[in-house]
Amino acid sequence: MSHAFHLLSSPISHFRTIGENQVSSTTNLQSNCTLFSRAMESTKANKKSSFQLQQPLPSSSPRPSPLKKIILVASIAAGVQFGWALQLSLLTPYVQLLGIPHKWASLIWLCGPISGMLVQPIVGYHSDRCTSRFGRRRPFIAAGAALVATAVVLIGFAADLGHLFGDSMANDIKPRAIVVFVIGFWILDVANNMLQGPCRALLADLSGNNQKKTRTANTLFAFFMAVGNVLGFAAGSYPHLHNIFPFTTTKACDVYCANLKSCFFFSILLLLTLTSIALSYVHEKPWSPEPGSAGNQGDEIEDEEELAEATPVPLFGEVFAALKDLKRPMWVLLLVTCLNWIAWFPFLLFDTDWMGREVYGGDSQGNNLVLRLYNRGVRAGALGLMLNSVVLGFTSLGVELLARGVGGVKRLWGIINFLHAFCLAMTVLVTKLAKSNRRFATMDGVTVPLPPGAGVKAGALSLFAALGIPLAVTYSIPFALASIFSSSSGAGQGLSLGVLNLGIVMPQILVSLGSGPFDAIFGGGNLPAFVLGAFAAAASGIFALTMLPSPPPDISAAKAATAGFH
């Protein structure tokens, strides 16, 4: 409607000259009535899609916020990722301690992608439209952090609560503890998704229309994710952390369980501290669904069609409509992201298993000697994850510089995907070298393999470290491009990032359900899924270079008039 009101100002000014020149006035009146009619038609034709929000005019677009505010919000990722690292390194043995059957364990881990598929679009939808006096994103971030703390307490005290509710210590399977653990685990994944989506959307809001700030914000988010990984893996590898909290060791909770509790206490402390500091310092102005509508009491009420258009669409109708109304850049971004994560998930899910099984020659289902070798390989894989996180952190700080060096973020993402494909393909070579150089020894009348040589171990750990480079790009560039594309099309940041998340969780579900049968077709092991990932990474690189459009030019910060944050 603002476009039509702007054009209306022209005929009003001409009415003042009627007494001077009747003929000219009549001509101008007809001309301006035509302009007004066309403006009204243009307004009705230019209806916003379900993917768009009522946005402020370009002259009132938000000014980018100071870098220190972006850093504070991005630092929340360290607290979130600290908990994720603990899940990866400690929860699998804890699941076995509670007696969860192996066939059900995979279904528990599926809650991550399922909750991501549902929660992030829902939270994104409502955070785009939240009219709270605390802002659009901050209430969801605060609620997500509180839910994470609640879930972590449930997980850590699952064995104690199960024993309190009647689980027998003599039984291997503790059903009541399993119920508490599953509830806590699902709440944790829901809370993490509820927290991360608004965090990224808030970073996009703080960046305004400045693409460089948007890329920097997502780079910092990836950097703090790496920091959280390093802290989480370090805490998980320290076996005496429970001594700081003596009360964690109970009749139902052994030393390993107590150490897990202690790690989670530090996780809660870190997350709540970082979240409290960020939300206390960074404030949002309350958002109104009708910007600029105040002060127009003299204007006529819009017609019924426009009032009906303002009626909110049901959530899932909005999400499906958002997918339908996606512009070509977002569709290509979804395709490249989907292929990229099809390549990532086999390695992220089975990297330590690959080290224990293929590289070290152990077996999680074998005798004690073979099982001990497998566990040794898993610990070596944990060291590889630590190296991966360190490289991820340093690379995240240099993503902007790398993008300038190769000619843009689109080209950087494409090139890095080929590095990703190369590293996954090299797992085949490392595995073959490990098998061909395998040494055996006889212990207690049983022939068992010995750990691989230093060269094989160094090669495997080098792959872990090298994969930190493409992972840093994966954690930053797709989200930055989604924010940029959605800003240029007038779409809401929360729903846009929620839709992008579908390109991440769908591959995770596909890999979780299909990698086992796929590997079995080719004789078992992890290599078939890794090779498939290499092909997916190469395809992702090709599409990124050939189909993904370059971001539109940066909007000058000088054109930004009013700030959206204070």
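Cβ atoms are placed via backbone N, Cα and C, with glycine included.
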Per TrEMBL record, range annotated transmembrane segment [choices 32-53, 164-185, 494-515]: 494-515
Contact between the transmembrane segment (264-282) and the transmembrane segment (70-95) (3 or more Cβ pairs under 8 Å, separation 6+): yes
Region pair the transmembrane segment (380-403) / the transmembrane segment (527-548), three or more CB pairs under 8 Å: no
Chain residues outside the transmembrane segment (527-548) and at least six past its termini with a C-beta under 8 angstroms from it: 329, 332-333, 335-336, 339-340, 342-347, 350, 354, 358, 410-411, 413-418, 420-422, 424-425, 427-428, 431, 470, 481, 511, 515, 518-519, 521
Interface present between the transmembrane segment (330-350) and the transmembrane segment (70-95) (three or more C-beta pairs under 8 A): no
The transmembrane segment (330-350) touching the transmembrane segment (454-482) per 3+ Cβ pairs under 8 Å rule: yes
